[in-house]
Amino acid sequence: METCRCPLSYLISFLLFLSHSETACRPLGKRPCRMQAFRIWDVNQKTFYLRNNQLVAGYLQGSNTKLEEKLDVVPVEPHAVFLGIHGGKLCLACVKSGDETRLQLEAVNITDLSKNKDQDKRFTFILSDSGPTTSFESAACPGWFLCTALEADRPVSLTNRPEEAMMVTKFYFQKE
């Protein structure tokens with residue numbers, strides 16, 4: 001009988017990381033929280049990479065696999081995290097300007113962020129588990145979810161229509 005490595009094992013690893021890291025982070029303390037790197041890919045197997053200072057999702061093969069960005073994760077609350085790349089030096093942020101809501105990378109050190117600051121709310125994402133996958137909802141813009149397009153090599157963005165077939169809002173993780 002052939003054994004299958006289930007994505008559920010990745011989710012369990014991620015949840016164990018969160019529960020362990022929560023004890024390492026004091027909600028009101030100044031002690032830095034523990035950051036860990038994870039591989040992230042959507043349910044269509046697209047991974048994240050940086051192109052022209054923009055986070056995109058696509059199918060990396062051969063020598064291009066080295067371009068894959070690991071997602072740096074710092075837990076804020078039991079189901080909330082800060083997300084970054086490049087060793088936590090670039091953080092994912094939800095920015096609202098007028099009627100437009102967009103995802104952008106900001107040059108901020110992920111371990112300098114604090115859940116007690118209102119200004120850092122734009123960097124906070126709420127985790128929602130659905131079986132072996134996880135979705136990320138913006139804390140600053142409720143109802144807006146991290147997503148990838150169905151087409152490869154498109155920017156990682158946000159959508160307020162997670163059920164829409166044109167956007168993918170479910171992701172897998174693998175602890176590095």
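Just so it is clear, glycine is given a Cβ too, placed from its N, Cα and C backbone atoms.
Copied from Swiss-Prot, the annotated features are:
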type     : residues     : note
SIGNAL   : 1-25         : signal peptide
DISULFID : Cys91-Cys141 : disulfide bond
CARBOHYD : Asn109       : N-linked glycosylation site
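Between the CA atoms of Asn109 (N-linked glycosylation site) and Cys91 (disulfide bond) there is a gap of 7 Å, rounded to the nearest whole number. Cβ neighbour density within 10 Å is lowest for Cys141 among the disulfide-bonded residues Cys91, Cys141. A sphere of 10 angstroms centred on the C-beta of the residue listed as 'N-linked glycosylation site' encloses 14 other C-beta atoms.
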